[in-house]
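Asker: The following feature annotations were taken from Swiss-Prot:
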DISULFID  CYS170-CYS184  disulfide bond
DISULFID  CYS234-CYS235  disulfide bond
CARBOHYD  ASN155  N-linked glycosylation site
CARBOHYD  ASN183  N-linked glycosylation site
CARBOHYD  ASN229  N-linked glycosylation site
SIGNAL    1-29  signal peptide
TOPO_DOM  338-429  topological domain 'Cytoplasmic'
TOPO_DOM  451-467  topological domain 'Extracellular'
TRANSMEM  255-275  transmembrane segment
TRANSMEM  284-304  transmembrane segment
TRANSMEM  317-337  transmembrane segment
TRANSMEM  430-450  transmembrane segment
Amino acid sequence: MAARGSRRRALRLLLMVQLLAGRWRPAGAARGARGGLPELSSAAKHEDSLFRDLFEDYEKWVRPVEHLSDKIKIKFGLAISQLVDVDEKNQLMTTNVWLKQEWIDVKLRWNPDDYGGIKIIRVPSDSLWIPDIVLFDNADGRFEGASTKTVVRYNGTVTWTQPANYKSSCTIDVTFFPFDLQNCSMKFGSWTYDGSQVDIILEDQDVDRTDFFDNGEWEIMSAMGSKGNRTDSCCWYPCITYSFVIKRLPLFYTLFLIIPCIGLSFLTVVVFYLPSNEGEKISLCTSVLVSLTVFLLVIEEIIPSSSKVIPLIGEYLVFTMIFVTLSIMVTVFAINIHHRSSSTHNAMAPWVRKIFLHKLPKLLCMRSHADRYFTQREEAEKDGGPKSRNTLEAALDCIRYITRHVVKENDVREVVEDWKFIAQVLDRMFLWTFLLVSIIGTLGLFVPVIYKWANIIVPVHIGNTIK
């Protein structure tokens, strides 16, 4: 009985040892038996330990300085990747940019030897203190850019390259549209920290355009940055202002807006080359006037509604519309002159006959009406002379009867021909007058643009090419 009892105690003891051995089996062996998951590498353990040590007691709402009076210096730079759009109507400039910021965070320093030689870590920007630098002249309410990771070095240097899409306000000067040159600015600064707490240092005066994607309508002539200060009643705030000088590429508007307008302007002159008895003269002038109105509406949709400046092309269109309106009035007057006769109007004044039948035709290189009538009459007498003499000899009594009627008909025909010739003289006179006015008006309006391009845009473009 004693032997049997000792055997039972030995079995219980062996069973207890096996149970204890199974309960205290290593966790890694248990996981390996269940799923075969590997252990963390040494580098991952070091980085995990580094993050725990750095951010265990880190407060991202507090400025990372050793003393309260210390100033954080922010190195600030700007890189532009795309000039998306320039909205002249709403006076907005849309850009895709990268904000480059660098500062020292004294709370994020470590010894690389204590963490497996780790010198750089990537930290989300919403996990540490970042400067609240925003675009002041923002137009859509989005003052900040995207939230991305920062690069933190062992000495506490934090580098943050932040992509952003901005719509900034830009005062558009459309005086020389579409040959205009605009100067748009972007002003950055801290929203809450004054200059005694955060100082902004301009890293590079030139905007980085290494990854710039060209715009089909605008070309950046220059993009420069400058540092300034804005003050209020108690404090001063440092700010960085970038000025973008952009030039419009005018080829599209030249081909589809300016050239058609100039063509319509000179088409008005052609109206006076049509015969005065053609009713299509009024129709042509009216069609030109309607076309110019359509072009004016197109320009009104593009440019801002401002009374400070009037675009050059708008002035030219208004000038041409006045030009066409006057041509319609003159054409109506010429047609009225053409259809005059002795039965509808009084006799022609002597000064009208002298000026329009003798002097003006010579000045306009036209054949004189008196010369043409004399030649036609002379030829008629030569052709019908013998027959007329034979008729007079044979029917002298009949000639006396009809002479009064023939003379009257000749007088009526001469008056009608005189008025028609005056209408031709008026058409020729207005043809040269309107052609001269059209040329002078076109040159007078577009010469300032040519002068501006020759003295401003071309030298800047040559300077950029040499660089």
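From the backbone N, Cα and C atoms, a Cβ is placed for every residue, glycine too.
Looking at the shown structure, what environment does each listed feature sit in?
Answerer: A strand conformation is recorded for CYS184 (disulfide bond) in the three-state DSSP classification.
Counting only residues at least six positions away in the same chain, the Cβ atoms of ASP194, GLY195, SER196 sit under 8 Å from the Cβ of CYS235 (disulfide bond).
Sequence-distant neighbours of ASN155 (N-linked glycosylation site) (same chain, 6+ residues apart, CB-CB distance under 8 A): ILE104, ARG109. According to DSSP, ASN155 (N-linked glycosylation site) is assigned to coil rather than to any helix or strand.
In the structure as shown, the Cβ atom of ASN183 (N-linked glycosylation site) sits within 10 Å of 14 other Cβ atoms.
Counting only same-chain residues at least 6 apart in sequence, those with a Cβ under 8 Å from the Cβ of ASN229 (N-linked glycosylation site) are GLY195, TRP236, TYR237, PRO238, CYS239.
Across the residues of the topological domain 'Cytoplasmic' (338-429), the predicted structure has a mean pLDDT of 65.
Tertiary proximity for the transmembrane segment (255-275) is limited to same-chain residues at least six positions away from its ends with a CB under 8 Å from its CB atoms, namely 178, 281, 284-285, 288, 291-292, 295, 298-299, 313, 316-317, 320, 323-324, 327, 330-331, 334, 427-428, 430-431, 434-435, 438, 442.
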Asker: Among the disulfide-bonded residues CYS170, CYS184, CYS234, which residue has the fewest other Cβ atoms within 10 Å of its own Cβ?
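Answerer: Comparing Cβ neighbour counts within 10 Å for the disulfide-bonded residues CYS170, CYS184, CYS234 gives CYS234.
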Asker: Rounded to the nearest angstrom, how far is the Cα of ASN183 (N-linked glycosylation site) from the Cα of CYS170 (disulfide bond)?
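Answerer: Roughly 8 Å, rounded to the nearest whole number.
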Asker: Residues of the same chain, at least six outside the transmembrane segment (317-337), with any C-beta under 8 angstroms of its C-beta?
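Answerer: For the transmembrane segment (317-337), the nonlocal Cβ contacts are 261, 264-265, 268, 271-272, 276-277, 281-282, 285-286, 288-289, 292-293, 295-296, 299, 419, 422-423, 426-427, 430, 434, 437-438, 441, 445.
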Asker: Could you tell me the C-alpha distance between CYS184 (disulfide bond) and CYS234 (disulfide bond) in angstrom, no decimals?
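Answerer: The separation of the Cα atoms works out to 30 Å.
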Asker: Quick check for the class: what is the C-alpha distance, in angstrom and rounded, between CYS234 (disulfide bond) and ASN183 (N-linked glycosylation site)?
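Answerer: That separation, Cα to Cα, works out to 32 Å.
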